[in-house]
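Feature annotations, courtesy of TrEMBL:
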type    : residues                                                      : note
BINDING : Gly14, Pro15, Ser16, Gly17, Thr18, Gly19, Lys20, Ser21, Ser22 : ATP binding site
DOMAIN  : 10-221                                                        : domain 'Cytidylate kinase'
Amino acid sequence: MSDTVESVIVAIDGPSGTGKSSTSKAVAAKLGLSYLDTGAQYRAITWWMIDNGVDVGDPAAVADAAGKPVIVSGTDPSHPTITVDGVDVSGPIRTQEVTSKVSAVSAVPEIRARITDLQRSIAATAPHGIVVEGRDIGTTVLPDADLKIFLTASPEARAARRAGEIKGADVAATREALVRRDAADSSRKTSPLAKADDAVEVDTTDLTLQQVIECVVTFVEEKRAATR
Ligand SMILES: Nc1ncnc2c1ncn2[C@@H]1O[C@H](COP(=O)(O)OP(=O)(O)OP(=O)(O)O)[C@@H](O)[C@H]1O
Ligand SMILES: Nc1ccn([C@@H]2O[C@H](COP(=O)(O)O)[C@@H](O)[C@H]2O)c(=O)n1
């Protein structure tokens with residue numbers, strides 16, 4: 001990538017299954033930017049709590065342990081990585097147990113403060129800019145991002161996408177689980193899932209992944225052209 005291209009910070013938020021990870025990775029790879037999956041960080045700290053016998057239903061116990069695990073995120077969009085205390089947890093953080101407990105852990109203010117600091121330092125040191133995806137990036141983590149996107153899609157479309165990843169998955173149960181997780185993430189007190197006032201909303205229900213990627217790449221290019 002040329003050093004003459006300006007650095008750009010892109011925040012992509014939205015509920016589960018709207019295409020944040022797939023879109024963010026592809027946009028970052030295409031534009032030579034770094035990529036940060038903030039959901040993976042919350043999953044990693046949740047995995048550590050479970051592995052260390054912390055009761056994730058007890059916010060005080062989770063808060064007490066919040067500073068203990070060392071979480072490291074690799075930001076190459078073609079090979080994102082996540083380790084906890086040096087252990088690769090990219091597989092274990094995707095289990096059903098972690099998915100069902102991550103909203104309780106991510107609602108604890110001490111957890112959010114720790115992970116938000118980490119996210120800001122990663123974004124600040126990305127050499128050519130970064131695409132950061134999550135739930136509160138545009139509202140809280142990077143409120144001065146150059147571009148903010150909020151992806152949405154109907155619960156039916158999101159459930160069909162997610163169920164399509166697992167052979168024999170029940171679409172109705174998948175829909176119920178993701179709606180429940182979105183409700184928990186949207187109703188917590190500290191930096192809930194929300195669209196920033198200055199975010200561009202993109203409804204992906206009837207768009208292919210390729211169309212969403214092209215749409216976001218166009219927004220980034222327009223933003224860069226406007227600031228030249
Ligand atoms: N526009 C689209 N059309 C069809 N399938 C899509 C689209 N966008 C994403 N997908 C597929 O939907 C699934 C979920 O996408 P992805 O993991 O990117 O969503 P997400 O918003 O990051 O979800 P989560 O927040 O739960 O991690 C993936 O299998 C992905 O390939
Ligand atoms: N900025 C963020 C990102 C994620 N979370 C929490 O992590 C969970 C897992 O996220 P995925 O994107 O991997 O599905 C999510 O349900 C939130 O509880 C968050 O709080 N803030």
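Yeah, the Cβs are placed from backbone N, Cα and C, and that goes for glycine too.
These numbers come from a predicted model, not from an experiment.
Features per TrEMBL, on structure.
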residue : record           : Cβ contacts under 8 Å, 6 or more apart
Gly14   : ATP binding site : Lys20, Arg135, Ile149, Phe150, Leu151, Thr152, Leu193
Ser16   : ATP binding site : Arg158, Arg162, Leu178, Arg181, Asp182
Thr18   : ATP binding site : Leu151, Thr152, Ala153, Arg158, Thr204
Ser22   : ATP binding site : Leu209, Ile213
Inset, instruction - Please give the average pLDDT for the domain 'Cytidylate kinase' (10-221) in this predicted model. - result: 97
Inset, instruction - Determine the Cβ neighbour count for Lys20 (ATP binding site): the number of other Cβ atoms within 10 Å of its Cβ. - result: 27
Legend entry - Where Ser16 (ATP binding site) falls in three-state DSSP terms: coil
Legend entry - Near-site residues: ATP, ref Gly14, Pro15, Ser16, Gly17, Thr18, Gly19, Lys20, Ser21, Ser22, CB cutoff 8 A to centroid: Thr23, Glu133, Leu151, Ala153, Arg158, Thr204
Inset, instruction - With the Cβ under 6 Å from ligand 2 as the test, give me the qualifying entries from the binding-site residues Gly14, Ser16, Thr18, Ser22. - result: Ser16
